[in-house]
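See below for the structure under consideration.
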Amino acid sequence: MKKINPTQTSAWKALQQHFKEIEPIHIRHLFHADPKRSEKFSLTFNDLIRVDFSKNRLTAQTIEKLQALAQETDLALAICSMFSGGKINETEERPVLHIALRNRGNQPILVDGQDVMPLVNAVLEKMKRFCHQVIKGDWNGYSGQTITDVVNIGIGGSDLGPYMATEALKPYKNHLKMHFVSNVDGTDIVETLKALNPARTLFIVASKTFTTQETMTNAQTAREWFLKTAGDSAHVARHFVALSTNIKEVTNFGIDPENSFEFWDWVGGRYSLWSAIGLPIALSIGFDNFEKLLEGAYEMDQHFLKTDFTHNIPVILALIGIWYSHFFGAETEAVLPYDQYLHRFPAYLQQASMESNGKWVDRDGKPVGYQTGSILWGEPGTNGQHAFYQLIHQGTKIIPCDFIAPVISHNAIGDHHHKLLANFFAQTQALAFGKTEQEVQEELMAEGVFSEKATYLAPFKAFSGNRPTNSILLKQITPLSLGALIALYEHKIFTQGVILNIFSFDQWGVELGKKLASGILSELEGPEKVSCHDSSTNSLINCFKKWH
């Protein structure tokens with residue numbers, strides 16, 4: 001990928017000038033000036049997803065100038081490089097090929113001259129056979145009983161993606177009960193194991209190296225718990241499978257190498273749910289539905305690869321994000337799913353975005369002089385409305401929001417879904433258009449409030465509006481549409497990283513704390529006071545040793 005400082009481009013300078021013209025304009029005015037604004041600023045993907053970005057502080061000219069920035073930073077070349085297996089993860093000298101994992105067209109994708117698709121397809125076929133065995137009851141535990149519960153032990157991308165997707169696709173789940181353990185805090189695994197029967201529980205240990213501290217600590221605890229009942233360590237092979245490439249350590253643990261599912265170093269953890277890491281998803285919803293998840297992502301991949309930037313949904317959403325973070329000074333963005341099944345979607349995107357683009361040096365290794373990754377957060381609606389929407393509506397910070405909702409609910413009970421979606425539509429309208437003090441005064445007086453009190457209350461009850469949102473409607477949450485939605489955000493994140501001249505596919509920021517923790521671990525044993533760190537860390541460690 002080229003190494004272009006976006007702030008030095010002519011497109012960036014044009015956007016700076018354009019911002020001065022746009023900044024004072026209210027969204028209310030933009031709609032009044034163009035009755036067809038929504039039609040012009042909406043895109044539909046495969047009759048599955050509709051994205052309305054009309055309630056933003058931008059014009060057609062803004063989009064044109066943002067697209068010029070994408071062109072000047074050579075986004076098109078970067079996209080082609082990723083899809084063709086170029087080693088765009090330069091600091092680790094690796095390609096970035098999560099797109100190969102869902103390459104349903106089976107086009108050859110080369111890494112160092114070798115087509116990776118036969119490897120990908122072989123692992124998928126192995127996953128398919130295993131899932132059918134477990135789901136149909138042909139895979140029995142040591143006592144001859146079938147499996148009823150599956151515990152996924154992983155962390156980061158080995159947990160967030162599978163957990164999010166199994167929750168989102170609960171309407172498609174079978175009889176298997178899914179559990180996820182990630183935190184090294186013993187409470188996590190202890191509470192999970194309390195209600196489980198060792199003879200009917202299958203553990204998935206997800207660690208590429210099979211050395212990840214948190215994952216292997218939890219896996220060893222699970223193994224000890226299992227053997228208290230099973231007794232014979234040979235039984236581990238029927239109750240533990242691995243998602244790993246370290247066959248030696250997998251075998252040492254007691255797992256049959258035949259029950260280890262491979263993935264590759266060109267798959268980043270936060271982009272790995274499409275790989276063997278997605279085994280818990282496939283076990284939960286069945287392999288046919290897992291393939292539909294891959295199909296939805298593949299269709300979005302093709303849209304991203306082949307669609308002109310003017311109609312390219314991931315590119316447009318990425319550019320809008322840059323518009324707010326780098327010109328309006330927005331520091332956070334909220335993802336607000338109006339569907340309880342998507343309750344873990346913001347947490348999943350939080351890792352995908354912040355671990356990818358939370359970088360302080362550019363692709364030349366020099367400190368950037370501009371913002372990179374935004375802080376991403378969110379909660380399901382309508383819960384959030386009774387928690388933090390106050391600040392979004394009337395606070396002093398600009399917080400761009402993505403509102404996400406399905407048109408068709410999987411649980412059409414009474415008028416629940418109509419009330420939910422009424423709130424969805426109302427919130428984006430209120431954020432965009434607000435309510436003036438004059439409108440508040442007139443309403444209050446119409447309700448019988450005296451003029452003096454109405455004047456007093458008006459500033460507190462007024463809404464400035466002009467708060468930006470994107471509305472993303474899914475026809476329904478299905479494996480196909482969820483796959484497309486996840487891939488949409490993946491490509492949005494990639495696009496922003498390209499334009500901002502940073503590497504989105506490494507994560508060196510997680511290493512220092514892990515290394516320090518490894519050294520501190522041995523210091524927590526014994527009565528000796530610790531004095532080898534800074535005064536604060538020494539004091540905290542010594543307090544722990546005193547109270548423990």
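Heads up, the Cβ atoms here are built off N, Cα and C, so glycines get one too.
If you look up Swiss-Prot, you'll see Glu355 marked as active site, proton donor. Secondary structure at Glu355 (active site, proton donor), taken from DSSP and collapsed to helix, strand or coil, is helix. Sequence-distant neighbours of Glu355 (active site, proton donor) (same chain, 6+ apart, CB under 8 A from its CB) are Arg270, Gln507, Gly509, Val510.
The active site annotation in Swiss-Prot covers His386 (among others). The Cβ of His386 (active site) has 9 other Cβ atoms within 10 Å, all protein chains considered.
Among the features that Swiss-Prot reports, active site is placed at Lys514 (among others), with the record citing sequence analysis. Annotation for Lys514 (active site): same-chain Cβ neighbours under 8 Å, separated by at least 6 residues, are Gln213.
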